[in-house]
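> Grabbed the feature section from TrEMBL, which reads as follows:
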type	residues	note
TRANSMEM	6-23	transmembrane segment
TRANSMEM	44-64	transmembrane segment
TRANSMEM	84-104	transmembrane segment
TRANSMEM	134-155	transmembrane segment
TRANSMEM	176-196	transmembrane segment
TRANSMEM	292-309	transmembrane segment
TRANSMEM	321-339	transmembrane segment
TRANSMEM	346-364	transmembrane segment
TRANSMEM	370-387	transmembrane segment
Amino acid sequence: MREKILLLVILLAAAVLRVFIIVRDSVPFAYDMGRDLLWAKDIAFYHIPTLIGPAASIWGVYFGPLWFYFLSIPLLLSGGNPLSAVYATGSLIILSAILAFYLFKKYLGKTYTFILGILLLFNAANINNSTYSFPANITSILTVLILYFTFISIIKNPFFITPAFFFVGLMFHTEPAPAVVFTLILIFMLFYLKFYDPIRKPTSQSAWMNVNKWENFFKVFSLSSAFYSIPFLPHLLFEIRHGFIQTKSLIAYFLGQNPSLSGQLPLLQRIPTRISTYIDFFKSSFSPQNEIFALCLILLLIFGIYKFIKNNEDRDLAFLLKINIYILALNFLISTFLISVEIKTWYLYGLIINIAFLVIFALLGWKSRIFTIVFLAIFLFVNLLSFSKNATIAQAKADPAQLANQLRVIDLIYKDAKSPFSVYIYTPSIYDLNYQYLFWWQGVKKNRGLPEDFAYLPNKPDYVRNKSRYFPNPKQANTVYLIIEKAPENEFYTSFDWQTNFTSFRIVWEKDINNVIKIQKRIPE
C-alpha cells in the first residue's frame, strides 16, 4: 500500500508540474504541429483514414501513420482542443516511467525503480518534451519496451526479442532516424543471441537449449522479421496504390539523385561533432545549464559503474547493464561511422531511458543511502531550476509560435469583426498550417463561424488537405485582417514584400500581441 501511495504521489507531482508549466508558458504550436493536427482531425471528425504519417527528411518518404491516429483520440475527446494533443503526449512520457517501474522492479528492487522513475519523470528533457506535441517525444515509451524485451530475450527465451523488433518497427511511425539505428542495434543483439552460449540456462527453456542452435536462430530470425514488418503494412498498401513512390525516392537518395538531407560531414569532422552532440544532449537532458553537476554526474557514472561491475554477482543485472551500454555505444558508433548527415537532437530522445538506467547502476555501485539522497536532491534542484528562471518564462511568451499568442490574435479578430471578413497570415515558413487548424477549431468546433477566406495569400491553390469538406467556396471579403509574425525572415519571402499584395486596402487599425505578432485591420481604399 505504501508503495502505491508513494508512486501515486510521484506521478501526481510530475503531472502537476507539467500542467503548471503549460498553463504558465503556454505551448509551442508551429507549422508542423498544425499540420499534424489537420491530418488527425480528418481522422477524428471526418473519418478520412490515412496510410502515411508526416513527411520524413528524405523527399518523397513518410513516417508511418501511428502518430496521426494517436493524436486523433485526444482531439475527438476534447472537441478539437490543440492542448489535448500536448497532454496526451505528456501522458505517454509519464506512462513510460510507469512501465519502467513495473517491468524492472523485479530486477532492480523497489527503491531503485522508484529512483529510476524520478530520473525519467523529472529530467529536464522529458519535462520539456511533455509540453508540446511532436512525434519524436513519444519514442521514450518504445525504448522502454525495446529494452525490456531485449533484456528478457537474453535471460529467459530468445524468442522474446521478436516483440522488440515490432516496437522498433513502430518507431518508424514516430521518428525514422533512430528507428534505423535501433534496427541495426537489434540485429547485433540477434547475432549476439545466436553465438552466445548463456551462462545460466533457465530450466523452463531447456527445450530451447537442447535443439539445433542454427535451427533456432533461423526461427527467431524469421519471427523477428515478421514482427518487424507488421508496422510497415500501411506503407506497403500506400506504395501499391501510388506506384511505389517512397521506394523510388529512397533509391534516388542512395544513388545521389535525391539531395534531401543536409549537414553532410566527412568522417574526420564528424567524430568531434558527434562527440559534442552526444555530450550536449546528455547535459541538456540531465544537467541543464550546470556544467559542474554535469561533470560530477559523468564521474558518478564512471566510478559507480566500475564499482558495480567489480562487486556485482547478479547475472541478470549484469546483462541489463550490458544491454544499456551496448545501445548507447552502438548508437554513437552507427551515428558517427555509418551516418554522414546531421544528427538532430530529437533523434536521441529515446536514449534518455538508457542514460537513466546507467545512473541507476552507478548508484547501485556506490550503495550509499546518504549519497543517493544527496544526489537526488541536487538532480531535482538542477533540473527544475531551469524551468523557474525569468528568462525562460519571458522567452516562452515572446514567441510568435506560442499557442497563447496565436489564440489571442484569433480571439481579437472574432471580437472585432462585425461583418464578413477574410484573414491572411504572414509567417516565414510560408504555409500557415497552425492557423489553418486554429481557425477550423474556433470556427467549426466552437461555432464561431469561418472567415470568408483564410490563407497565407488570396487566390492560392488549396494547400490544406480536405479543406473543401468544411470550406468549399473561399472568397475575399471587404474587411481583411492581416496577421504578421515578427520572426527571422526568409530573404526571398519578407513581410514587406508580402504586404504589397494588399496595397489596395488601407489600414484601419494596427495592434500588437506581446511584440511578436502584429494584426492589421484593412478595408478597401
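Any Cβ shown, glycine's included, is placed from N, Cα and C.
Whatever TrEMBL says is automated annotation, not expert-curated.
Situate these features within the shown structure.
Proximity of distant same-chain residues to the transmembrane segment (6-23), defined by a Cβ-Cβ separation under 8 Å and at least 6 residues beyond the stretch ends, is recorded for 83, 86-87, 90, 94, 97-98, 101, 114, 117-118, 121-122, 127, 130-131, 384, 387.
With a threshold of 8 Å between CB atoms, the same-chain residues lying at least 6 positions outside the transmembrane segment (84-104) that come near it are 7, 11, 14-15, 18, 22, 27, 33, 36-37, 40, 70-71, 73-75, 77-78, 113-114, 116-117, 120-121, 126, 129-134, 137-138, 140-141, 143-145, 148, 320, 353.
Sequence-distant neighbours of the transmembrane segment (292-309) (same chain, 6+ residues past either end, Cβ-Cβ under 8 Å): 282-283, 286, 318, 321, 358-359, 361-366, 375, 378-379, 382.
Same-chain residues lying 6+ beyond the ends of the transmembrane segment (321-339) with a Cβ under 8 Å from its Cβ atoms: 147, 150-151, 154, 178, 181-182, 184-185, 188-189, 267, 270-271, 274, 278, 305, 308-309, 312, 347-348, 351, 354-355, 357-358, 361.
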> What parts of the chain pack near the transmembrane segment (134-155), using Cβ distances under 8 Å and only residues at least 6 beyond its ends?
32-33, 36, 53-54, 63, 67, 70, 89, 92-93, 95-96, 99-100, 103-104, 120, 126, 161-164, 167-168, 170-171, 173-175, 178, 182, 186, 189, 193, 196, 198, 200, 202, 315-316, 319-320, 323-324, 327, 346-347, 349-354, 357
> Count, for each of 44-64, 176-196, 370-387, the Cβ pairs lying under 8 Å from the transmembrane segment (346-364), and report the range with the highest count.
176-196
